[in-house]
Amino acid sequence: YGVLYCTSLLLYYPLFISFLFSFLFSFSVLSSPGEIAIRVFRACTELGIRTVAVYSEEDRGQMHRQKADEAYLIGKSLPPVAAYLHIPDIIKVAKENGVDAIHPGYGFLSERSDFAQACVDAGVRFIGPSPETVRKMGDKVEARSLAISAGVPVVPGTDAPISSVGEARVFSETYGFPIIFKAAYGGGGRGMRVVKEYEELEENYHRAYSEALTAFGNGALFVEKFIEKPRHIEVQILGDKYGNIIHLYERDCSIQRRHQKVVEIAPAADLDPHLRDRLTSDSVKLAKQVGYENAGTVEFLVDKHGKHYFIEVNSRLQVEHTVTEEVTDVDLVHAQLRVCEGRSLPELGLTQETIRVNGCAIQCRVTTEDPARGFQPDTGRLEVFRSGEGMGIRLDSASAFPGAVISPHYDSLLVKVIASGKDMSTAAAKMHRALSEFRVRGVKTNIPFLQNVLSNHQFLHSTVDTQFIDENQNLFIMKPVQNRAQKLLHYLGHVMVNGPTTPIPVKAKPSSIDPVIPTVPMGEPSLGFRDVLLREGPEGFAKAVRAHPGLLLMDTTFRDAHQSLLATRVRTHDLKKIAPYVSHSFNNLFSLENWGGATFDVAMRFLYECPWKRLQELRTLVPNVPFQMLLRGANAVGYTNYPDNAVFKFCEVAKENGMDIFRVFDSLNYLPNMILGMEAAGRAGGVVEAAISYTGDVSDPMRQKYSLAYYVKLTEELMKAGTHVLCIKDMAGLLKPESSRILISALRDRYPDVPIHVHTHDTAGAGVAAMLACAEAGADVVDVAVDSMAGMTSQPSMGAMVACTKGTKLDTGIALEKVFDYSEYWEVTRGLYAPFDCTATMKSGNADVYENEIPGGQYTNLHFQAHSMGLGNKFKQVKKSYSEANKLLGDLIKVTPSSKIVGDLAQFMVQNNLTREEVEEKADELSFPLSVVEFLQGHIGIPHGGFPEPFRTRVLKSLPRIEGRPGATLPPLDFDALEAGLRLLHGDDITEEDVMSAAMYPKVFQEYKEFTGSFGPVDCLSTRLFLDGPKIAEEFQVEIERGKTLHIKALAVGDLNKTGQRGVFFELNGQLRSVLVKDNVAMKEMKFHPKALKSVRGQVGAPMPGKVIEVKVEPGQKVEKGQPLCVLSAMKMETVVNSPLTGVVTVIHVNTDTSLEGDDLILEITAEE
């Protein structure tokens, strides 16, 4: 005989009888499509029965279709749920295909007596109780009456379904609160609402009615007194056509959320034997009262006193029937089919005396729900599905396979996992192990929550009630699923489809050649200056440096060199490779500059890695050489002001993570800002190195603003403030040999005991000569970069300084051969960063730096920015405008962030074709870059000589001004509140370092966390893969942690689908994986942003390419000429777009995060009449 399954329908050929016998099965809303269908199919196949499935249009790809021998579409053009409730279509399929019996499964029509009757009327057998029994048991009010007649205790409730909220009020006044609404014609927790007080009554009535109507097609409700904290125990029964009824003992279904079962156990733990007898006896008694046939479940609540109350009969197979099968060894579906065939229970060997319970079984319902969000269902495509298996594990599923689409139309059940063992603890251990083997990617699941339940002491060693989940909120403290491999595939797929995620200044490919790491000796590296620092403290360290006989070097290769040459894009991945060699070969370095400055935010902003992790990992690899960082005084590592406690906390955390020397500077040499940074570094226990930013030319008597006297006086103030080391920070490479001798000699004469450190850039090509002059004049330390990362806008060559001082009193003690090997590594590594290499657009340094005074790193950045903004052929003009912008602003000391302010103004002038005179003339109406406006307000301090007037007044107009140190008036940062907010957003794995990152760069940190949340630990990838992605058919390895290596092969990129996505296919550890990636180009082609027409007054266009970070107006709002309309950001430069006229905003064409090209229409203003 055969079975037809609705959503999964089954047909059988004759087995024991001579006529064709077929069954139709209706899939359950309590199940993913076809889970119970496939369960029935398997039983039919074991009995030699042919099977048929029905399916909705939504379920054409579902597995139950493939498991059946035949499958037919029902409910054409109907929504999925409506299709499975369409009785005429189901009966039509049964009749047209010779189906003789229908199995109702659970859910949908399984407890609808009209469906059972329709089957009978059509001459099709219904596998279950008679239509009359289904009607009686499905009507919970009538079922209560039958239970009372049979002498089974019931919970106080209404005698009939209620028809209004008024009847519910009357019941509550009689029995008091709490009460519970229940759907009269369905179960599974649908249409069920607990009401604890009068004010909640009406709302919950309407919600329960609506749920019941949607789930069962009938919104009728009845009301019961709610039993608080009961155990939910149900008894499995089985009857035949001859009046034989047995029970198969009980199941404990107390672990529920929103009245839906999560974990089921058979038998119930610690159940009193006498209570068990009463429960099973009452179940059989009630079944006999109605002449029950086939499988069913009688459900009870057991209160804390051991009293049991009948609540309902489910006249069908239950989702949790599996645990009963495991402990009794009775196949309930086999029994259903045989009983429908006409066999008696004794014929099947099923008598009460033969039913025995052996061991324990637990079922966990793995669902696509997020417990952290109130079990909110998740939908989407299963990118990965790998189940847990092994001895004692059974899996029942249908839609759980890679590529399956989890629909929003049905219940969220993905797979049922059943674990069996000799006792509860054994079964729980097997279940926990099996769940830990699952890998489900693409949708959220409740697996971490289930693992917490299985580890809970009360669950394992005591009894639980229906309030177990509500009373154990620690169950919701779940270890986040890492999902690292699939996230990395998403990233690689994204790069293969859309190109690099970090902005690429020029069209150049990373080199395909990987660098060779020089041989590193075995064992620990030799002692270095860090050992002196740890032993003797900052003061002893400074004395040791001053007493050192030769010239000491600071290597900038790990920071400023690549900031200057490679746009700060060098990744920790490549720094870690060479770090052990540096530790062993250059132990006598003064320090290794490897952190702070622009590297801090760029690590998160463009490299998507944690700057603190870089510091931690390098510290482990280089234990003997001091680390030095760049601290922007009161600005820490940012471009803005921070509360004082934030700067102090930052230095404290940096020191704890391995930083040694804090090179403290201020972009304006503004003493109050510098002293704050020095105090913060000193209090943290670090070496304080006060850095004077150098500009001008002390050897030129015609340039007196920044004269020798200025620098000597500033040094005096810094010495009073307690610096350990004095630094001259020549950020543009303006020190010539003569000016070097003059400045350093003057400082050495006045302060013979303080170590002097000189930092420079080699933009003009005179860096080595200038540093040798500094050393001859008494400097203790000069900055260098390894040869292949030196020159141009970087630092002077390490090899050159080593060679030029070799055999002299300034001998560095460094072996030149070691420098060669070090340089070779970086020469090849530099090729990996070809898209960022300054030589792509700049072929040499230029002595015109003595005129324009552009800092080394900024010189490179301006060059890149000019090219990216289409101004590459105007770079000479950019440099000239830089000089003019500097004069407009009063001849500033130029180092981040003041150099950025000058650069922003210069590019603004070039972009808008403005001269210095025109800027001064139109100062009161131009939309200046935000950085310029904030500088003039006093946001970064007071420049030497004061602000430029009347330019400042004309730009600011009525805008507020800051007097004194900008951060002095800021309230202290509440770190506890910040951490709490971060934990709320990102989970409990937030560290102290994360809090500091968020304090410095809140938006950048948020975007970094969002990126890594989507794409995983991209810092594990090689640089070529990170930037350019793999080639088709390329095989490679990625070590995600020690001992865990992914073997990946890129297979193919698919065609564009209708949603603008492409499938990208990989082989991961020998298994096929795929990801769907949005094609950004295709998506952009689907929609075009309008351009502002210059001929139309009131159309406001973007003054430059960028992203909208804030819209300051709304449609209908009146605006004045010059009023800020929105803020754009591009390449870390923010520009306020001001209104060109007075009028009313009519249309806004952008939102926050809208990316714009130049002249893209922002909004439209109607001019005031």
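A Cβ is built for glycine as well, from the same backbone N, Cα and C atoms used for every other residue.
Small disclaimer: the values here were computed from a predicted structure and weren't measured.
Straight from TrEMBL, the features:
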- Arg316: active site (ACT_SITE)
- Lys140, Glu224, His259: ATP binding site (BINDING)
- Asp560, Lys729, His759, His761: Mn(2+) binding site (BINDING)
- Arg632, Thr896: substrate binding site (BINDING)
- 24-474: domain 'Biotin carboxylation' (DOMAIN)
- 144-341: domain 'ATP-grasp' (DOMAIN)
- 551-820: domain 'Pyruvate carboxyltransferase' (DOMAIN)
- 1097-1166: domain 'Lipoyl-binding' (DOMAIN)
- Lys729: N6-carboxylysine (MOD_RES)
- Lys1132: N6-biotinyllysine (MOD_RES)
- 9-30: transmembrane segment (TRANSMEM)
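Residues near Glu224 (ATP binding site) in space but far in sequence (CB under 8 A, at least 6 apart, same chain), listed by position: Val155, Pro156, Gly157, Thr158, Ile179, Ile180, Lys182, Ile311.
Across the domain 'Lipoyl-binding' (1097-1166), mean pLDDT in this model comes to 85. Between the CA atoms of Asp560 (Mn(2+) binding site) and Lys140 (ATP binding site) there is a gap of 77 Å.
Within the same chain, the residues at least 6 positions away from Arg632 (substrate binding site) whose Cβ sits under 8 Å from its Cβ are Gly597, Gly638, Tyr639, Phe665, Asp666, Ser667, Gly677, Thr896, Pro897, listed in sequence order. Spread of the ATP binding residues is 16 Å (greatest Cα-Cα distance among Lys140, Glu224, His259).
Taking the C-alpha atom of Lys140 (ATP binding site) as reference, the shortest distance to any of the recorded positions Arg316, Lys729, His759, His761 belongs to Arg316. The Cβ centroid of Lys140, Glu224, His259 marks the ATP site; residues of that chain outside this set whose Cβ lies within 8 Å of it are Gly157, Ile180, Phe181, Lys182, Ala183, Met192, Phe222, Ile311, Glu312, given in sequence order.
Distance noted between the C-alpha atoms of His259 (ATP binding site) and Arg316 (active site) is 19 Å. Each of the recorded positions Lys140, His259, Arg316, His759, His761 was ranked by the number of other C-beta atoms within 10 Å, and first place falls to His761. If you measure from the Cα atom of His761 (Mn(2+) binding site) to that of the residue listed as 'active site', you get 82 Å. Spatially close to Lys729 (Mn(2+) binding site) yet at least six residues away along the chain are Arg663, Phe665, Ala691, Ile692, Ser693, Tyr694, His759, Val895, judged by Cβ distances under 8 angstroms. Other than the site residues Asp560, Lys729, His759, His761, same-chain residues with C-beta atoms no more than 8 angstroms from the centre of those residues' C-beta atoms, the Mn(2+) site, are Thr556, Asp730, Met731, Thr760, Asp783, Gln795, Gly856. Ranked by Cβ neighbours within 10 A across all protein chains shown, the binding-site residues Asp560, Thr896 are led by Asp560.
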